[in-house]
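Per TrEMBL, the features are:
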type	residues	note
ACT_SITE	HIS106	active site, proton donor
BINDING	HIS110, HIS146, ASP147, ASP325	Zn(2+) 1 binding site
BINDING	ASP147	Zn(2+) 2 binding site
COMPBIAS	533-552	compositional bias 'Low complexity'
DOMAIN	21-419	domain 'PDEase'
REGION	471-499	region 'Disordered'
REGION	523-558	region 'Disordered'
Amino acid sequence: MSLASLITALFLDRSEPTTMLVLRHNTLPAEDLFIVERTMLKFANGSYSKISPDFEVLNKSRAELYGSVLGMFIRLKMDMAIGATASQLLDFIIDVDHGYLENPYHSFFHAVDVTAVIFYMLNDLEAAQHLSTLDMAALLIAALCHDIGHPGYNNVYQVNRKTDLAKRYKNTSVLESHSCTLTMDLLTHHQLLRRLKKASQDAGKVVTEQQFRSSIIKMILATDMIFHYELQEQLGTIIEYMSPSDDELSATDDDVDDVDDVLANDLQDIDKHMAATSLSDSKQESQTTDQPSTSTASVNIKVVALELDDKQRQTLCNILLHAADISNTVRPWHLCQQWSDLVIEEFFRQGDAEKLYSLPLSPGMDRNETTQYSVSLKFSDYVVKPYFEAFAEFLPAAGTFVDTLSANRAQWERIRDRPLSATPPPNPEENQLPQAILPKRPILNPTGRRVSVAAGIVVIPDHANIFRPASARGHRRGLHGARSSSQQTLPTRSMTDDETLRNGEAVIRRKSDEPGFTLKQSMQAEVERKQQEQSLLLTPQSTSRSRRSSSLDPETTK
């Protein structure tokens with residue numbers, strides 16, 4: 001037995017709740033700390049059952065959630081990547097939990113669920129092969145923090161009510177910007193990145209704290225649904241970039257013909273050649289284990305995809321986080337329905353508040369007009385299906401998501417076909433649902449192609465073939481939704497000083513100049529990019545791009 005295995009066995013077999021984790025900013029009962037550590041160690045040594053799409057968070061205690069997240073962080077070597085200890089990471093995780101509010105849907109449970117989906121994508125779907133360890137560390141932090149401080153009332157509500165948040169962020173990606181500020185605040189408070197530069201230097205490539213923070217901010221801002229179609233387009237561009245060209249495919253066909261000729265001439269020589277090739281490939285593979293690999297190999301046929309540069313990997317992280325954020329419709333039915341119940345509860349609560357304050361009623365939020373199955377069917381058809389079909393092109397193992405989406409659709413159709421009295425909309429007054437939640441996603445207006453989601457409203461372009469996935473072959477350009485609903489001019493009424501969180505205004509838990517400065521810089525660049533895009537859309541121009549583009553960053557692909 002190895003030393004690591006022995007240490008792990010000692011920790012897992014002990015009967016008394018002692019721990020090697022030491023908290024500086026928080027306190028936990030000894031029993032809870034023991035559960036955290038035990039769960040973390042199971043992840044770290046691989047003895048924990050595989051994280052899969054049916055990983056459930058709503059049935060877990062807080063200590064189990066902390067241990068699960070910490071275990072995911074350690075398993076993907078986030079501690080070594082940023083130079084932080086397990087205790088420091090746990091302190092950070094607990095404070096992230098404290099930053100989430102107790103909403104029906106946008107809660108810490110949702111944050112952990114999205115983080116678990118990211119872990120599954122990186123580990124089981126092998127998305128990790130396209131990213132660096134630091135990319136994954138930033139992605140995990142962004143996943144855990146992407147909805148921190150969410151008040152349970154979306155961007156449209158914030159703008160209509162003229163809340164302090166809407167004013168502070170000038171009606172632009174209001175809640176996403178707020179989450180960025182709180183995240184930067186926590187990173188500063190915990191000094192979580194103070195050893196990042198040295199850790200990255202030791203790993204072979206220096207990454208500054210500012211660069212790391214900027215990456216997290218970009219990921220969180222990209223969870224605003226206004227970027228859905230842009231991300232879908234960029235996903236298609238990545239697929240195209242990493243696919244073999246026609247010339248490469250033609251050369252591969254020639255190689256196959258050559259192999260057939262040799263097989264016909266001398267089968268015995270081919271057997272020897274295959275054996276030699278296998279040994280050579282095995283040796284080469286053992287020498288390049290640490291390098292990202294996206295190749296598939298067989299006899300004389302090798303398709304080696306190009307590695308992604310820094311900006312392309314940033315775009316991929318944005319794509320992965322958005323996929324995880326809208327993934328509840330592609331999860332096993334019991335989870336899909338459970339999360340749908342929770343998001344419907346939160347949306348109907350907002351609809352009630354909009355009626356109370358005479359605000360424009362958001363699509364899909366009127367409990368007297370909306371059915372849960374119609375919301376779920378339209379969201380999956382118009383938004384989720386095209387995105388995940390493209391996602392499965394990039395990561396073939398993700399095809400299971402598309403299959404599950406189809407099965408869930410059949411379940412919603414069965415509910416739709418039941419007598420109306422059998423499927424009343426959930427009543428929040430009954431308090432039958434757990435106080436937990438998951439990703440920030442959606443609901444649709446039954447009367448049109450308007451999708452109401454937690455971050456605003458997505459307007460599906462009339463010219464878009466929404467059932468056609470982004471593809472490496474003939475991918476359609478210029479597929480953009482309307483600008484954020486939180487940027488539109490909406491009729492509102494003023495907010496009095498004594499109105500509080502129950503009216504949709506979030507509590508500002510922490511403030512610091514440094515995180516605000518970081519976010520302000522990033523947001524200013526984003527605003528300038530959007531203005532430039534709008535001017536480009538008004539100017540006829542060619543949208544063709546080179547397949548071997550040097551960058552997939554939004555600033556260079558518009």
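Heads up, the Cβ atoms here are built off N, Cα and C, so glycines get one too.
In the three-state DSSP scheme, HIS110 (Zn(2+) 1 binding site) falls into the helix class. A straight line from the CA of HIS106 (active site, proton donor) to the CA of ASP147 (Zn(2+) 1 binding site) spans 7 Å.
For the binding-site residues ASP147, ASP325, the largest tally of other C-beta atoms within 10 A is found at ASP147. In this structure, ASP147 (Zn(2+) 1 binding site) belongs to neither helix nor strand by DSSP; it is coil.
Note on HIS106 (active site, proton donor): other Cβ atoms within 10 Å of its Cβ, all shown chains, come to 29. Classification of ASP325 (Zn(2+) 1 binding site) by DSSP places it within a helix.
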